[in-house]
Every structure is written in C-alpha cells, then in structure tokens.
Amino acid sequence: MREAELRRLLAANLLSAVSIVLTAFVPPVFLSGFSVLGTHLAWLCVCSVCVSVLSVTLCLILKPSQTSKRGSLSSKISRFLKCCIYFFMSCILFHAIIVLYGAPLIESVTETFLFAVLLSTFTTLQCLCLLGPNVQAWIRVFSRNGAMSIWENSLQITTMGSILGGWFGAFPIPLDWDRPWQVWPISCSLGATFGYMAGLIIAPLWIHWNWKQLTYKSR
C-alpha cells in the first residue's frame, strides 16, 4: 500500500516539475518575444497559474488528504472562500517579509508582489490543497515529527526548498557582474523555482531511503 502511495507521489511530483519546465518552452511558441528573462513578469504569471491549476487538479484526482470529508455545497463554498483569503493573505505576508529583507519598498512593487505570489503558490497553495484552511494542521506538519503521511513529508521538503531557494537567489543581486538575471527579482524567483523543483525530486527519494524510519501515528 505504501509503495503504491509512493509511486503516486513520485508521479505527481514529476508531473509538477515537468509542467514548470514547459512554462519556459511552450509560451514562446505562441507568444512572440516571450522568455524567462526578457519577459520575466509574464513568466511569473504563467508559472504561478500553471502550478496552481495542476496542484488543484492533482489534489482533486489523487485525494491525498486524509482529513477530506464530504460536505454540503455551502460548506464547500465556505472552504473555497477561506482558501482564497488565506492565499491572498499569504501573498501580502510574503510581500512584507521580502521588503523587510531588502526589496524595494516603493519601486518594483509589481515585481515584488508577483514574486510573493510565486512563493505563495509553491508553499501556501500546496498547504491549502493538502491540509485545507486549517492553521493548526499546518503547524503540526511543520513541527518536529509532525507529518502523518508521505504527502506531508513531501510538503515539508518542497516548502523548505522553495523558501531556501528564494533566499539563496538573493545573494548574486548586489554583485557587480551586470548580468541580465541579476535584475530584481529574477534570481530570487528562479532560485525559488529551482528549490521547489529540487524538493519535488528529492522528496520521494528521501522518503524511499528513510522508509523504515518513517512511522506515521494518528493524531
């Protein structure tokens, strides 16, 4: 049973990673002048939308959440609205944190906010798909030994990979190399993207290597 679940996780993660790669190569076929560096803001929008749609679709198809329950239409609408509010609040929070870490406060507001949206897509949206708008469940998952499934382990790894990738991506910006990818927020968003993709690939491998040590208890 667990091997089948691990294969489902691996397939979902690989599909997500491939979809991100396709956002760099498919749009130029239809949009003249489109490129990850040249039209970076457009790519941020495309990448965020593609990852969001695929994440929600995989969640509905695979149903990885152990706590998902059938409810009335009103409860589903309420849950959806809560998820939208949580996602928007996450974008605002990430935007504020990014500014506190040195991003321009007034200049490049659009760039900073779209980078915050990308980070929220890689982190908060994944939490919403797997755990729903349940902050206590989020706290449990990201506490020590708090994961109750391989999906939650994967969520831990991809979230940390995205945040660390975005953080490390900021280091080349102040260097005087005068490279196109040093323009804000290209290196940070690419770092977050590579960190997320690395997490998608590393998570199933890490779970497979630590199979015997992983024990999931009901809470």
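Placed from the backbone N, Cα and C atoms, the Cβ positions cover glycine too.
Automated prediction, rather than curation, is the source of TrEMBL annotations.
What TrEMBL says about this protein:
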- 12-34: transmembrane segment (TRANSMEM)
- 40-62: transmembrane segment (TRANSMEM)
- 83-106: transmembrane segment (TRANSMEM)
- 112-132: transmembrane segment (TRANSMEM)
- 153-171: transmembrane segment (TRANSMEM)
- 183-209: transmembrane segment (TRANSMEM)
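Same-chain neighbours of the transmembrane segment (183-209): 6, 9-10, 13-14, 16-17, 20, 36-37, 40, 44, 47, 98, 103-104, 108, 111-112, 114-115, 118-119, 122, 150, 153-154, 157-170, 172-173, counting only residues six or more beyond its ends whose CB sits under 8 Å from a CB of the stretch. Within the chain carrying the transmembrane segment (40-62), a Cβ under 8 angstroms from the stretch's Cβ atoms is held by residues 8, 12, 15-16, 19-20, 22-24, 27, 31, 34, 110-111, 114-115, 117-118, 121-122, 125-126, 129-130, 183, 186, 189, 193, all 6 or more beyond its ends. Residues 9, 13, 101-102, 115, 119, 122-123, 126-127, 130-131, 141-142, 147, 187-196, 198-200, 202-204, 206-207, 214 of the same chain lie 6+ residues outside the transmembrane segment (153-171) yet bring a C-beta within less than 8 angstroms of a C-beta in it.
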